[in-house]
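Structure first, commentary second.
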Amino acid sequence: MTSEFMAKDQHLLLLESSSHFPLPHGMTFSYGTAGFRAVGSKLPSTVFRAGIVAVLRSLKTGSAVGLMITASHNPILDNGVKIADPDGSMMTQHWEPFAEALANAPNPQSLVELVFHFTKEEGISLGGGGTCAEILLGRDTRPTGEALLEAAKQGIKSIVGAAALDMGILTTPQLHWMVMNKNKGMKASESVYFMQLSESFRCLMDMVPKGTRKDCVDSRVVVDGANGVGGEKLEQLKKLLIGIDIQVRNSGKQGEGVLNEGVGADFVQKEKVAPSGFGTKDVGERCATFDGDADRLVYFRISSSNCNGIDLVDGDKILSLFALFIKEQLHILNKQGDEGTNNVLVTRLGIVQTAYANGASTDFLKQQGLEVVLTPTGVKYLHKKAAECDVGIYFEANGHGTILFSEEYLSKLQKKCDDLACHSPGSEHHKAALRLLAVSKLINQAVGDAISGLLLVEVVLQHMGWSMQDWIDLYNDLPSRQLKVKVADRTAITTTHAETQVLEPSGLQEAIDSEIAKYHKGRCFVRPSGTEDIIRVYAEASSQEAANALAKSVSRHVDHFLG
Ligand code: 16G
Ligand code: ZN
């Protein structure tokens, strides 16, 4: 077959298959902070086209990529699609404009033109000529998921030589993890994922120091699965876990409730109330909650005073707990002593947050001597920054986050651990190295993962000998208030300095500054949402009334400038 003939073939195949997936009338799709999202029934054309983008990404990188069908914490009738790069992280941002243009191509002819133009620009050769693309597909439990998966498969099949591997119903982090593992030449099945988590969890539990207060740390945790895929998976995994008593509620079983409706991490963190299925019987229990695709985790406790009210332990406090633990292990590892080898393993430990992190958490982390960096909102920004460190810990207040270990650092750590195993097996130094290695296996290295995050929190609490109260008492959150402002065009606001300063429209930042100046410990900023057609206003101050008033007055300014 000549390459000219193959290109012609490819052209016809794309034209024909895309004609079955017309763009829905009057809709425009944007890639947003975390992929395309809309009502599920309107998404077949978008998912079909995302399938094409995934194939091109795989051809470009020569590795497997992932395509996940989910709308995370959105209502059940919504759905969405996002692409994972070969290392398991979010698709590189510089492909987003192409993904968006393709999703909005008005007809098959323009779609084909876009594909051919882009592949030429990127030096990707189409037509099968020996190169094979591989796409790992996953979906959550949404009712539109199955049909959308079929659309993705059709999109993938419309490029010659591409193969789709249906990995089944998964959490988002499971799919990202599988893509990462596959490209490292490791096994990428769910059973290996469960095995890795349960074994590293056991290893950490076995090394919980004896004689701490661990006996009084309750090993029971009650988990709200948001009626999504995470609850189901946790039910399976818990059978392999020793030393922890996990009770799953809202696990998505038939008749238990509706996905994300009055349940889940987004609901609990934003509304600051207990999810459905939790009540007075749970007062004092350590409770955790996932979002619908299990990439967010927050903890809470039902306050005894008011059964609807909760003490929220958000992503900032999970981050603080992890940071203290990792810092402690690094300190032990590098302590001079008789038992350890004396060469210090220099480690750059970095903490990454967004401006939405409660100011009290940032102050706390800095007081611990930790280096804290802020990025704009969205996992893709935090992840990239954390990956620059030897060990990078990132979290958004809403519960997205993980701990990243660089490959280079892990191999040094492994070497140090092997040395210690020879010279001082069982020493405190050796245990610290083993713990850090186990953490790197337990906590998802591809993306924030509620299931692995939950297991790490549980074992760290045991290690510290901390009750839920001890954890809550790490620091007191400053009162804060979030508001939404509806505007004609949210893109009229542009920001800088990790979204803490407004650039456009001019004059708005000065107006915000003059409001902030009126409040003790006042902090306030505005930014366009990456997922909704609104402007978000965040305010913090020393009292709740002051935070409310600051948010309100700044909202008025936004309205005035953009209204
Ligand atoms: C998406 C992002 C999340 C971010 C949120 C902000 C991912 C996987 N998810 O859910 O990180 O916090 O958007 O939404 O990146 P907003 O711009 O509407 O506040
Ligand atoms: Zn999610």
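Even glycines carry a Cβ here, placed using N, Cα and C.
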Worksheet item: For the Mg(2+) site that TrEMBL gives with ASP291, ASP293, ASP295, which of SER63, SER72, SER506, SER514 also belongs there?
Response: SER72
Discussion item. Spatially, and counting Cα to Cα, which of the recorded positions is closest to ASP295 (Mg(2+) binding site)? Options: SER72, ASN398, PRO528, ARG536.
Written reply: SER72
Worksheet item: By DSSP, how many residues in the domain 'Alpha-D-phosphohexomutase alpha/beta/alpha' (61-94) are helix, how many strand, and how many coil?
Response: 3 helix, 13 strand, 18 coil
Worksheet entry | DSSP state at ARG536 (substrate binding site), helix/strand/coil | strand
Worksheet item: Do any of the recorded positions SER72, ASP293, ASN398 touch ligand 2, in the sense that the CB is under 6 Å from one of its atoms?
Response: SER72, ASP293
Worksheet, complete the sentence: Closest by Cα to ASP293 (Mg(2+) binding site), out of the binding-site residues ASN398, PRO528, ARG536, is ASN398
Worksheet item: If you count the C-beta atoms lying within 10 Å of each candidate's C-beta, which of the binding-site residues ASP291, ASP293, ASP295, GLU396 ends up with the smallest number?
Response: GLU396
Practice prompt. Determine the minimum-neighbour residue: among SER72, ASN398, listed as recorded positions, which Cβ has the fewest other Cβ atoms within 10 angstroms?
Written response: ASN398
